[in-house]
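These come from TrEMBL:
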BINDING   ALA29, GLY30, ALA31, GLY32, THR33, GLY34, LYS35, THR36  ATP binding site
DOMAIN    8-268  domain 'UvrD-like helicase ATP-binding'
Amino acid sequence: MATVSLRATAEQEAAREAFAAGQDLALVAGAGTGKTSTLALMGSSTRRRGLYVAFNKPIADEARGRFAGNVQCRTSHSLAHRAVGHRFQDRLDASRHMPLKRTAKLLGLDRDLAVGKRRLRATTQARLVMEMVRRFCYSTDDQVAARHLGPVNGLDDQGAQYLAQVLLKRARWAWDDICSPEGGLPFQHDHYLKMWALTRPRLPADFVLLDEAQDTNPVLEEIFLAQDAQRVCVGDPAQQIYEWRHAKDIMSGFPGRQLELTQSFRFGPAIAEVANRWLRAAASTMQLTGRAGGASGLGRAEVPDAVLCRGNADALAEVLRFLEQGVAVALAGGGKPLLKIAEAAVDLQAGRRTSHHELFLFSSWGEVQEYAEQDSAAAELKAIVELVDTYGPQQIIAAVNRMTDEDHAQVVVSTVHKAKGREWRRVRIGDGFTPAVDQPGARGVHPAEARLIYVAVTRAREVLDTRGIQWAEAHIRQASRAWVTSTPQGVPLAALPLTGQLQYPRSPMSVFLARHLPRTERVVGSYLQRSRGLPPAVQPMDERRPDYAALGHTIDYRLRLGLGCGPGGAVAAGVELLSAPLPIEGAPGPRVRRALHTAGTQLLARLQAHLEGAHRLGEEELTRLCHVAGFYEALYRNGVFSRRRNLLALADEHTMLDHLTAAVPAYVLEDIAEQMELAEQPFAGFRRLPAEQRVCGPVFAGSGDLGGADADFIVGGLLIDCKATTRPHTIHRSAVQQLAGYLLLDYDDAYGVDRVGLYLSRQGALITWSVGEFLDASGARAPLPRLRALLRGHLRQAQRSTSSGKG
């Protein structure tokens, strides 16, 4: 556990004072900076009722001894159990040993299901149904949907879609049974958590402290954000490493004042210096100061207390090395998962089927190998294949049986994910972190990988052995200086478009907005208040993997057409890109490119004829054309011809426009029809405005001072950004800053914007502010004309600095 100074630091005092003033806070706490002590300091400064919500029970139990009596320390499950779960305690107890065959019988599943060439046993179907319910319980959805079916190794997209639709009815019936006091299906803790969340609870406290807010499950996120009590979320966005589990980072966009804790009492300056390089690689502006007493630094640790690895295969290699040396070694989390994989591989290699949850559809190990090689989305399965093929199942079984438990181990080997929240005296960074080589042959580090390595290097207190990331030391030292003015991929921040710049706190636009509009979180708070009580967002319920990005483009174009505008220049640019003699990554051959260019040209002509009244099109045909148009824009925006989820990738040299429009999925037509029906009332008045007051895709005088900026609509002086999100409560600071950027880039007031707003297309809701109201709430430090002049000078200076740096 981190050693916390007896006297509060200046940062901790600042956090306490902001809390005492009643402000909502996002407390960004670096590794080992005493976040729990700071929260306890806040709690003890008031007599109000407080609630500290911890990630798990051990953390809550530990915190209970550190907080004053006015603060309850709970987990989300314990809150839900008190409110709802206690009524189902008998079912919880009875469910612990219910056989899967009994579950299948209760679900009415009594025969195999054929999915293509595969067959699923009734018990397998039952497990998948209950897994759909579990995934639903961790979502913010109000009902079970096809997308709650998780990945099923061995099925292609078509097979998985069919399976999801077949099981959906059973899963919805299962949820009804689970919610019934007389239900018979297995009852789990996640079930009463979801039941509680659906009641839209008000937490019993005057202030709520949410820990580990960078990795919050969506259910708890929605509950926390909906509270009227004072809210404090604490965590470290640079330690967000569970995004693959659908965990959400509340911190970055939280509508409250943001403060930092940067003095780490876990380690000294040398380890802090390594951590800071990886923080910069992770696009974080925070920099740590190592304040630990005693010896703390870099060095070699031949027999460390812990070895931290990238994945299970790397961890097993370390375990085997220590076993060969006769060193007592433990694997964090235990070896049971590895043992199950190895035993499943033994069965498959012998031609026997297995019930393993990731391998049950395969009839041989060769099938597993072939599928893992061919399916680019099967990353987890590839890791399993690599593990088994490298060491063999018998060696894995023998290694697991020779491991000891952590209490008796000399060394603990762990993946970084399992090491999160822990620390050791001596830590060696193990293998697996070497990045892929990019096209020019230079090694690059993705921010998500940098976050993982940052977590790894900050687990050490006294000795950090960085041999596993030695490849990066020289590269990171040199590149981290450049990351002040460029992305980790080397793109100058000043050259990014508006939305790209808002992702980087050091970009010219982000720096300007932080300086001149420092309180945009108050606008977010206003938005959240005004969006409460809106109906649930409409969305495709029967589609396993809706293409939400493509749907967003489609509704945008449909709304533009309704205002008498075309889909925008980016679509035409994507069409023309296919006829240009330029190489496009992933693009098909010349004949297919010509066919797609012809189809795109016809698409634009049909839309233009519709707008001019020469050939009016029906609603369905318009939606089909708009959906196809989105893939041309994506080609232009990304500069890459993607092969996944791309209608254009279906083309051959004989493809015509009608082939592409016929391939638009049915769920797209249904979803856009619902959104257009919702838009009827909000947009009715806009359609009656004179043509010159209906501007779609406006480009501003300042758009050329960065990598581009074009808004959605300006109608009658109202600047609107359209949001097709299914989770409108998660719209945060970047959306407000995007509106502010558009407003300020209109240097010469060419559009006469007097109001700004967000249109929620899946709820049919338009939320607006007058420009004066918007700027006042954002803490504007100058009138609008002055802000525009200052931004112009700021962006142009950044462009000049970038140009001179290149020279």
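Glycine too: its Cβ is placed from the backbone N, Cα and C atoms.
DSSP gives THR33 (ATP binding site) a coil state; it is part of no helix or strand. Counting every protein chain shown, the number of other Cβ atoms lying within 10 Å of the Cβ of GLY34 (ATP binding site) is 25. Of all Cβ atoms in the protein chains displayed, 24 besides its own lie within 10 Å of the Cβ of LYS35 (ATP binding site). Counting Cβ atoms from all protein chains shown, ALA31 (ATP binding site) has 23 others lying within 10 Å of its own Cβ. Model confidence over the domain 'UvrD-like helicase ATP-binding' (8-268) is summarised by a mean pLDDT of 92. The binding-site residues in question are THR33, THR36, and the one with the fewest Cβ neighbours inside 10 Å is THR36. Taking all protein chains in view, 28 other C-beta atoms sit within 10 angstroms of the C-beta of ALA29 (ATP binding site).
In sequence order, ASP236, ALA238, GLU260, LEU261, THR262, SER264, ALA275, LEU279, MET286, LEU288, THR458 are the residues of the chain that are 6 or more apart from GLY30 (ATP binding site) and have a CB within less than 8 Å of its CB.
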